[in-house]
């Protein structure tokens, strides 16, 4: 198994021409103006060192990111693969690119009164109140001065990025604000652990992760819940690598994205890639779990509406305020 690579190998891999590398791997493209379109996957286009696979919501730059996304290779595997081959190198422009600033979480935007956050998640989205309380106590979610829900991307206790979701429609447009903090890393996302993570659950959004847990809270144990904030295969690859580094290699990866054409295409495409991976027990790790409705929040809301009349009829005694974590 490839684990370590040298710095000079990484630097060379970053300079390798993306199109030359892919053609050497047997991929074929058709030139269209200033970009190249893949002959088999017509929504996959290459321009200079940039790529976009529009049907799967994948965008990025460079050979390393592409190979991780497309071939499911780990970072060291890509670097070693390039080191063992002979590829053209892309000329860098004369002006040096300014490095991106590191992410700094703006904690001064947080407020102590999280009423709007709780109302939005529990009343509008029907997330189980115990799930919201559990996440808030562990500092995974917060409310900012504008009333947005903040989903913190935490790694080893450090906030490395964040999603923000509006809790009320914006006055001018009627749209709901949704955004990712500036300088949040492109290969990370909102995640949290339930027990010691053995299974990685993958979602398109943070609210879907919360909905899934609310829907199946009795069944989920020893899991890491990950939101990709879209359909981003490289985010899944990065999270699997992080779990390996932390000593929790995933025994299973459950792909629980939206039940729509792009979601299904992504889910079964990723499952095919994951067939190349086996866990420590020699089992393949990829499985798909799609909702019956469009997404997991729609399914949760539908099921909550069905359950409410039964709850009124039975009138059970109040349950103890136990945490959803088992």
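Using the three backbone atoms N, Cα and C, a Cβ is placed for every residue, glycine included.
For the domain 'DUF3991' (119-196), the model gives a mean pLDDT of 94. Residues or ranges marked as domain 'DUF3991' by TrEMBL: 119-196.
Taken from TrEMBL, the feature region 'Disordered' applies to 86-107 (among others).
According to TrEMBL, the region 'Disordered' annotation covers 303-326 (among others).
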Three-state composition of the domain 'DUF3991' (119-196), taking helix and strand from DSSP: 15 helix, 32 strand, 31 coil
